[in-house]
């Protein structure tokens, strides 16, 4: 029976992480467990940055963006000797189990701690990219989506005023959920998704046809890492003779107070993680599917439960414009 658990956040921060930490801490305390916070992710674990938490440690954090525990990239965790030291540090505090909030890279580290060292670990999906396996939604995605839509709405105002073409680059890496849904909600004329090969010439020809038909402004939503959006803006302006500007939303999408959906989702997942640990389960990741909380073996989720690309949403956007 576990008596002490720890919680850490790893990888890129996401709105709602604090709500998840709060869910873990207060539900664990309710069950009579001692709870410790690991500061600065796996890096902090390796450097023994661990502090005991109480219910007041998480007072008012549900409204705050980011993660008060801090986060850090720590590729050295792939080294078995580094993981062994981390497990030793956890045991030196009497910690039996660990909740890891982050993406699939964070999940893999948690699974290895469970398999190699018997530390019961549960992963919670904390990333704005909505690309974690085994879940319909990740903690932070909905807030980031609202941030992106708000930015698109503001760009629409100025683009229409100046008869300008605006390119907005949205985060997501290799998952375009943010881009596609923000574009649909914001009424963007064009979507460039990472899952579909980018044809620059086709895009420019579409814009030329729209302008010939009387279009006075347009917004292009594009997922990050596909192309240099500032260079793309120059090429479009040269071809269509319309002022074209690129806006990179960047890390502003990670910040801000989490929306109600993310606060509730994160709280539910935090409580569910503690329930799993009390059942003696480790090496699992938590998700929400069809509105129900679920858990999957981490490796099975990573290998077999990748999110499928919803091409029908792109098709729908073409029909709407």
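Quick reminder: no glycine exception, Cβ is built from N, Cα and C everywhere.
Residues 73, 74, 103, 104, 105, 106 are recorded by Swiss-Prot as ATP binders, and the candidate that the same record lists for that site, out of 12, 16, 172, is 12. Record note: Swiss-Prot gives 127, 128, 129, 171, 172, 173, 224, 245, 251, 252, 253, 254 as substrate-binding, and the candidate from 164, 216 in that site is 164. Checked against residue 187 (ADP binding site) by C-alpha proximity, the binding-site residues 12, 74, 105, 171, 254 yield 171 as the nearest. Ranking the binding-site residues 12, 103, 105, 187 by how many Cβ atoms sit within 10 Å of each one's Cβ puts 103 at the top. Surrounding the centroid of the Cβ atoms of 12, 73, 74, 103, 104, 105, 106, where the record places ATP, the chain contributes additional residues within 8 Å, namely 10, 11, 41, 102, 109.
Fewest Cβ neighbours within 10 Å among the binding-site residues 59, 106: this applies to 59.
Other C-beta atoms found within 10 angstroms of the C-beta of residue 173 (substrate binding site) number 15, with every protein chain shown included.
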